[in-house]
Amino acid sequence: MAEFSGEPRGEGRRIVVVASRFNEGVTVPLAEGAVSALVGKGVAFDNIDVLWVPGAWELPVAVRRALSSERYDAAVAVGAVIRGDTPHFDIVAGETARGLMEASRDFDVPVTLGLLTTDTLEQAEARAGGVHGNKGADAALAALEVLDLFDRALPANDYDEDGE
């Protein structure tokens with residue numbers, strides 16, 4: 001049996017961070033955490049692009065457009081959807097996550113989820129550099145780890161377009 005895992009190594013990588021402006025008191029620290037984590041693991045600052053979109057709903061289309069350029073090894077999506085009094089939260093959170101997953105699958109590129117879905121602003125702040133860490137940084141490290149895993153165990157030329 002072979003067992004593989006990756007390490008968050010950033011040397012030579014080009015990463016796009018796509019961030020939602022809505023709830024910017026939370027999303028700015030998430031984006032900053034992602035960039036800081038990437039640089040801390042060796043991604044050159046000039047190899048990181050940050051794209052700001054109006055809200056979480058726009059994250060998937062911006063990620064898709066970025067990946068279609070073939071300039072990036074991975075995408076890190078960060079945003080914050082905070083529950084309100086209407087079902088809007090469920091629609092935005094679920095469909096945004098689905099759209100990001102589909103972009104990852106369609107482009108065969110890691111797209112990591114730094115999208116907070118919380119009941120309160122305080123819960124979001126706790127996950128954007130507060131007592132629960134920075135989920136933007138966590139998502140950035142996950143992207144690098146998956147890229148390294150792919151390099152070690154799953155090179156792109158080892159399977160055809162159908163994943164076989």
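Including glycine, each Cβ sits where the backbone N, Cα and C put it.
Predicted, not measured: the structure shown is a model, and the values here were computed from it.
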### Message
The 5-amino-6-(D-ribitylamino)uracil site in Swiss-Prot lists A56, W57, E58, A80, V81, I82, L113. Which one of F4, F22, F150 belongs there according to the record?
### Response
F22
## Note on the structure
Across H88, R127, listed as recorded positions, the smallest other-CB tally within 10 A is for H88
### H88 (active site, proton donor): secondary structure state under DSSP, collapsed to three categories
helix
### Query
In Å, how large is the greatest distance between any two Cα atoms among D85, T86, R127, the listed binders of (2S)-2-hydroxy-3-oxobutyl phosphate?
23
### Task
Please report the number of other Cβ atoms within 10 Å of the Cβ of A80 (5-amino-6-(D-ribitylamino)uracil binding site).
28
#### Entry: Spatial separation of H88 (active site, proton donor) from I82 (5-amino-6-(D-ribitylamino)uracil binding site) - C-alpha basis, Å
10
